[in-house]
Amino acid sequence: MILLFVSSLTMFMAGLVANFEYDLKKIIALSTLSQLGLMMSILALGETMLAFFHLLMHALFKALLFMCAGYMIHTMLNCQDIRYMGSLVNFIPLTSSFFNICNLSLCGLPFLSGFYSKDLILESMSLGFLNIYVYLIFYLSTGLTVMYSMRLLYYTMFGDFNLMPYFSVSDSGDTMLKGMGGLIFFVIFGGSFMSWLMFPTPYMICLPLFMKLMVLITVIFGAFLGFMFSKISFNDYSKSMSFYKFSYFSMLMWNLNFLSTFGVIFYFLKFGEKYNSLIDQGWSEYYGSQNIFNNLKNLSINLQNFFINNIKIFLTLFLIWICMLFL
């Protein structure tokens, strides 16, 4: 149950944070985190074959999604901000088509590869005897996935191209296009093909009509909210800074970077800095190797001066000895 709680909360958090991001690579990485949370959640419920099936389907469309995103970033002169990527469908239509199909597969659009695994996971979860938390968090996370996918589609494919006034973007990479063209067939037809191979005996799922249509309702409602969320800038219409603070808090992944990564390494880095400045380059240098080196150097200089002036010192001592004898 701990694994189910943590993984479902991770799935919800990643989907929520992706709706406030503008970095293309971060959005795709957060969608990967969300899908990993979904896989671990269904694994915690005991459905190992479903988790493996969704892993394969996710690998198909996410590989193509990363290829399309990398090509888009490369042609945009390494710009990753989706607010600059308007009307890309007019400049790179083939890559944009592949990108949109992968986005729709990620949403769970019927009869694409992501639909077969996600629909089966949600229906098998609905069939189980689970509490309202699991039911709500699964469908909310699915709706958030559709929301950030629609938001990504809106910012990259519609609106104005905002990067440069005189800039040429085109589908010119033949090697990339051939690789993406080979993967698109698996994204479209791989779900049905793999479901026939992995599940020769289909799952027996008997649900009421409303629960059967719940996945489709979630996809449609999430797409509508994602479109409205992209079209209306809530920060502009907000009367206070509350929504801005919430969006900033969400972009920080609920302060998890301070609690996990930053919180763990900060004290060790601070200790390393103090150790280096005060001990390694400080007292140990003064009383340790540097002090020994200076003493040996001074001793060597004195001995060298002694041996260079050996005759003068001998004559001086001889004269002093003679004087002492006469006294």
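Using the three backbone atoms N, Cα and C, a Cβ is placed for every residue, glycine included.
Note that this is a predicted model, so its numbers are computed, not measured.
So that you can see what the record holds, here are the features copied from TrEMBL:
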{"type": "DOMAIN", "residues": "2-134", "note": "domain 'NADH:quinone oxidoreductase/Mrp antiporter transmembrane'"}
{"type": "DOMAIN", "residues": "148-327", "note": "domain 'NADH dehydrogenase subunit 5 C-terminal'"}
{"type": "TRANSMEM", "residues": "42-67", "note": "transmembrane segment"}
{"type": "TRANSMEM", "residues": "88-112", "note": "transmembrane segment"}
{"type": "TRANSMEM", "residues": "132-154", "note": "transmembrane segment"}
{"type": "TRANSMEM", "residues": "175-197", "note": "transmembrane segment"}
{"type": "TRANSMEM", "residues": "209-234", "note": "transmembrane segment"}
{"type": "TRANSMEM", "residues": "246-269", "note": "transmembrane segment"}
{"type": "TRANSMEM", "residues": "306-326", "note": "transmembrane segment"}
Cβ contacts under 8 Å made by the transmembrane segment (175-197) with residues that lie 6+ beyond its boundaries: 53, 56-57, 60-61, 63-64, 67-68, 71, 94-95, 98, 101-102, 105, 111-117, 120
Tertiary contacts of the transmembrane segment (209-234) (same chain, 6+ residues out, Cβ under 8 Å): 19, 107-110, 118-119, 122-123, 126, 139, 142-151, 154-155, 243, 247
